[in-house]
Amino acid sequence: MGACLGACSLLSCASCLCGSAPCILCSCCPCSHNSTLSRLFFTVFLFLGVLVCVIMLSPGVESQLYKLPWVCNEGTGSHVVLQGHIDCGSLLGHRAVYRMCFAMAAFFFLFSLLMVCVRSSRDPRAAIQNGFWFFKFLIFVGITVGAFYIPDGSFSNIWFYFGVVGSFIFLLIQLLLLIDFAHSWNQRWLCKAEECDSRAWYAGLFFFTLLFYALSITAVALLFVYYTQPGACYEGKVFIGLNLTLCVCVSIVAILPKIQDAQPNSGLLQASVITLYTMFVTWLALSNVPDQKCNPHLLTHFGNGTVLAGPEGYETHWWDAPSIVGLVVFILCTVFISLRSSDHRQVNSLMQTEECPPVLDATQQQVVSEGRAFDNEQDGVTYSYSFFHLCLVLASVHIMMTLTNWYRPGETRKMISTWTAVWVKICASWTGLLLYLWTLVAPLLLPNRDFS
């Protein structure tokens with residue numbers, strides 16, 4: 001009898017994995033909307049891939065595998081499996097990260113194409129989006145295995161340029177999310193101040209605004225100290241000075257009387273967040289300057305005693321501070337994409353989302369009280385399925401560039417830092433500032449449109 005009950009329990013779990021609606025772990029999620037849970041589960045797939053990439057980049061993993069003669073082949077072949085052994089050089093390091101991230105991007109791109117023009121959960125494709133997680137996992141694993149059988153050839157070099165473009169776009173998405181976050185934060189605290197008739201909320205906004213600007217000024221000083229030299233590093237000096245000037249200009253525009261009249265919720269908090277993010281992107285750009293005099297991280301990667309030489313003679317490296325901070329920012333932004341519920345109309349338009357609290361009938365209220373997922377998209381989807389998966393495609397290529405520190409695979413299998421990475425990040429910072437400036441002046445330039 002116990003065995004039968006256990007089998008029934010397993011079949012119940014299997015139905016959750018293979019069915020058209022998620023139910024595992026839903027009791028742990030307050031207000032379990034299908035729209036939110038599905039995004040979270042897809043994000044888990046992304047984080048699993050990132051975890052595999054981190055393991056593949058670990059400097060101790062490859063050396064330990066080579067101690068097992070029955071596992072690794074010490075040759076330099078381009079295939080993964082050779083005469084019953086594994087070419088560990090293909091399974092580890094930057095080449096492996098390229099393949100793993102290619103698999104993730106292909107997986108999410110497949111769903112992006114599949115979910116085009118899904119308008120509500122009544123579309124049969126919505127059941128695929130919100131369920132069948134076991135089969136999705138099998139597809140994910142299958143694509144990953146296939147990616148490791150791609151011959152070396154020019155794959156890494158071609159995929160590098162895909163990563164450059166995708167990462168540029170994702171940097172802009174991160175900035176849009178920060179605009180959304182800062183706007184929501186500012187609006188909620190202002191509402192709290194009016195409701196409670198307390199100046200503590202205003203003091204809190206002032207404190208964090210001052211903190212973010214102080215961090216930005218500190219970042220500028222540190223960038224000048226560590227990434228410039230007297231009589232050299234002119235590009236870095238121009239980038240730092242120009243971005244600082246642009247941030248000051250944007251901050252002034254944010255508090256102009258006409259801007260305040262058109263957008264009462266705009267202010268220095270949002271501008272301070274954007275300024276800090278711009279300094280962060282500037283730091284990422286300068287960490288890729290291919291000049292040892294102007295880039296201390298380049299010395300770390302290629303200095304004496306700090307480079308790990310693989311069995312094929314190419315050089316690998318472990319992460320530096322920009323890579324670690326970039327990974328943390330990536331994780332936070334990806335989670336925010338999955339959980340965001342925004343009331344910023346301009347950001348919603350750019351992000352193709354319009355998250356509205358659903359009106360629950362009696363049956364749905366009972367489902368919520370029981371801790372199960374319920375369908376809140378019968379009358380219309382709360383976000384664009386296809387665009388969400390496209391964001392995860394961009395996230396996949398961005399994390400590939402972050403983990404490999406934007407180094408381009410060279411003919412000698414060394415990872416080479418190039419000016420391409422520098423200019424892409426600097427241009428992303430300029431484009432991001434222009435996007436934020438547009439959110440400020442759009443109501444003035446287009447008075448006939450509703451930006452409320």
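Each Cβ is built from the backbone N, Cα and C atoms, and glycine gets one as well.
If you check Swiss-Prot, you get these features:
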- 5-25: transmembrane segment (TRANSMEM)
- 41-61: transmembrane segment (TRANSMEM)
- 96-116: transmembrane segment (TRANSMEM)
- 131-151: transmembrane segment (TRANSMEM)
- 158-178: transmembrane segment (TRANSMEM)
- 205-225: transmembrane segment (TRANSMEM)
- 236-256: transmembrane segment (TRANSMEM)
- 266-286: transmembrane segment (TRANSMEM)
- 319-339: transmembrane segment (TRANSMEM)
- 387-407: transmembrane segment (TRANSMEM)
- 426-446: transmembrane segment (TRANSMEM)
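Counted over residue pairs separated by six or more positions, the transmembrane segment (205-225) shares at least 3 Cβ pairs under 8 angstroms with the transmembrane segment (266-286), which defines the two as touching. In terms of C-beta pairs under 8 Å, the stretch of 131-151, 236-256, 266-286, 319-339, 387-407 lying closest in packing to the transmembrane segment (158-178) is 387-407. Most Cβ pairs under 8 Å to the transmembrane segment (96-116), among the stretches 41-61, 131-151, 236-256, belong to 131-151. It is 319-339 that, among the stretches 236-256, 266-286, 319-339, forms the most Cβ pairs under 8 Å with the transmembrane segment (41-61).
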